[in-house]
Amino acid sequence: MRLILLGAPGAGKGTQATFIKEHYNIPQISTGDMLRVAVKAGSPLGIKAKHFMDSGELVPDDLIINLVKERLTEPDCINGYLFDGFPRTIPQAEAMKQAGVAIDYVVEIDVPFDEIIVRMSGRRVHPASGRTYHVKFNPPKVEGKDDVTGEPLVQRDDDKEETVRKRLDVYVAQTRPLVDYYADWAAHSAEGSPVKAPQYRKISGTGSVEAIRQRVVEALK
Ligand code: AP5
Ligand code: ZN
């Protein structure tokens, strides 16, 4: 299984990815998680990425494309992969197509923006694993602690309301055009592309985490 989870910041991509990656035994390739690791480690990539992330802007395409291409050479990608938060610009999607990176499904998770603001304000994460909780909608078993390791949960630096609004603007301007991009590709799939067009599935991302999980399962049948 090779798929892309597409959706606005806070749509629940990371939350659903936790289940999908276990179900299909594939790695979750979250460019956001990888960048946060790089920032924390103070690597050259992290140093370049930090101010873009803190201001809610996208990190430049060339850095992201190289990061993902390198990740795809690791042996755990042999059975497939789940892209979470990537691609999020047309040039990123085009670079994957040109590199012959195959995708079976693009699953768009659709959530109204006013609900997203509420979700982000209560989000807590376990930085080492990327596991995500919400203080009210998806609480950990023990308050403030990761369910698996018991380690402390933290709030993300870019979850301040003004930064969330900026990220939503960036999503509309730079990532939402991918919806048409994949639809057009599917409609003209015979025209000399190095890889087959993915199937496009749009699901509603409102309701319980479990209800959305069921929709994902249905969408991938
Ligand atoms: P990234 O980490 O990818 O953030 P994002 O796309 O903005 O998405 P989020 O992680 O915020 O949301 P999510 O959809 O995963 O939602 P979640 O499951 O956590 O990117 C961060 C930054 O890195 C970017 O701004 C950019 O600077 C940079 N970057 C990353 N990739 C890049 C790329 N490809 N190109 C350029 N720059 C890049 O859920 C959110 C909350 O809602 C949680 O609290 C969760 O518990 C809760 N929740 C989930 N489902 C439900 C539900 N059904 N009901 C109620 N609450 C729910
Ligand atoms: Zn995420």
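Any Cβ shown, glycine's included, is placed from N, Cα and C.
Just one of Arg2, Arg123, Arg201 is listed by TrEMBL for the same ATP site as Gly10, Ala11, Gly12, Lys13, Gly14, Thr15, Thr132, Tyr133, Gly207, and that one is Arg123. Just one of Arg131, Arg167 is listed by TrEMBL for the same AMP site as Thr31, Arg36, Glu57, Leu58, Val59, Gly85, Phe86, Pro87, Arg88, Gln92, Arg156, and that one is Arg167.
When the region 'NMP' (30-59) is classified with DSSP, helix, strand and coil residues number 23 helix, 1 strand, 6 coil. The Cβ of Gly14 (ATP binding site) lies under 8 Å from the Cβ of Ser30, Gly32, Asp33, Asp84, Gly85, Gly130, Thr132, each of which sits 6+ residues away along the same chain. Checking the binding-site residues Gly14, Thr31, Arg88, Arg123, Tyr133 against ligand 2, the ones with a C-beta less than 6 Å from an atom of that molecule are Gly14. In the three-state DSSP assignment, the secondary structure recorded for Tyr133 (ATP binding site) is strand. Every protein chain shown contributes to the tally, and the Cβ of Gly12 (ATP binding site) ends up with 24 other Cβ atoms within 10 Å.
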